[in-house]
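Below is one structure, written out as structure tokens, with a few remarks after it.
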Amino acid sequence: MEGEFGSFIKVWTSVFVCIFYCYSIGKIVPKGTTRLVCALPVVCLFFYLPLNFSSIHLGGGTSFFISWLGSFKLLLFAFGKGPLASDPSISIGRFLAIACLPIEIQENPSPSASHLNGQNRKNPPQNPQIETNPSPKNTIHIVIKGFLLAILIGVLNYSQQIHPKLILVLHCLYIYLLLETQLIIVAALAWGLLGLDLKPHFNEPYLSTSLQNFWGRRWNLVVTSILRQSVYEPTLNFSTCVIGRRWASLPAVFASFLVSGLMHELIYYYMGRVRPTWEVTWFFVLHGFCLMLEIVLKKALKGSCRLPRLISVVLTVGFVVATCFWLFFPQFLRCKADVRMLQEYRAFVVFLKNAVSIFSYK
């Protein structure tokens, strides 16, 4: 635990120094190739830093925050795009928060379709029912989900006595609750310390009525936004010139899912340090292909055939869960990531108990 704490301080001190450097070059170096050349060493360092951790939580979290999202934000920033370039007079504190954390500032939302829905490529939709910042109602939801996560962690401690298929179901719930809880905590800190009005990360993905709805409007929306700007829109612009506007969204959608799959594969490597089996990449390739097919069918049918909402939800969530069982979780379980996570929870609890006892003694 002490060794990991030292690595945490070293890694995140390096991150802050690098982000301050990028903030500085943004003030003196014009956007374009020159700024990209200046930022590339930082991007390369960001891909190296997670290797300093043996903890699955610290390594996985740092690779998600920094190696993936942070690097992509800096690459967009090099060309004057993305959340870091949206405000030329941005303060260093806000720049650091946006670059290091999986957050996106809410800027005068306007209703439009998501970048993965095959309809409008400009901005993801903003649902007025989504609460992005702390409120009594939102706080209750956070507490309930945190309580469910704690119960789930306790149940997973007895995984050897539980049927393997049920374990996979529990892992689906665990990943969702863990991600949402962690991201809500990060967003709450950013809101409390900097007063940032933030976009939501999730919008009840268990109510998704289609793959477009799931990936574009409900699941990990900050990642969706970054992929839209860094992968989807450039591919869409290129495809429009090659095959025309009507079908240009198809290769753009597929490219977004392919990049997402490769980045998930990299995060799995940081967590497990085992040779990739590419199952996670195939999970996203499969979903990208199915989403392309969904777009084609919807354009062909022109809304003339719609399934009842309940059936759509069951089919969509069922497909996501089934493909997770098939392709997403095997590599996760093969490297004993679930066992290591539980061991780290126990070690953290022991660490807290020792810290409390020392403090009480003093």
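If you go along the chain as it appears here, the first residue is 1 and each next one adds 1.
Placed from the backbone N, Cα and C atoms, the Cβ positions cover glycine too.
Model, not experiment: these values are computed from the prediction.
Straight from TrEMBL, the features:
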- 6-24: transmembrane segment (TRANSMEM)
- 36-53: transmembrane segment (TRANSMEM)
- 112-135: region 'Disordered' (REGION)
- 142-160: transmembrane segment (TRANSMEM)
- 166-194: transmembrane segment (TRANSMEM)
- 199-285: domain 'Wax synthase' (DOMAIN)
- 252-271: transmembrane segment (TRANSMEM)
- 277-297: transmembrane segment (TRANSMEM)
- 309-329: transmembrane segment (TRANSMEM)
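By the Cβ criterion (distance under 8 Å, sequence gap of 6 or more), the transmembrane segment (36-53) is not counted as touching the transmembrane segment (142-160), fewer than 3 such pairs being found. Outside the transmembrane segment (252-271), and at least 6 residues removed from its termini, the chain residues within Cβ reach (under 8 Å) are 47, 50-51, 53, 56, 59-60, 62-64, 67-68, 115-116, 118, 121, 223, 227-228, 230-233, 235-236, 239, 278, 280-285, 287-289, 291-292, 295, 331-332, 335, 337.
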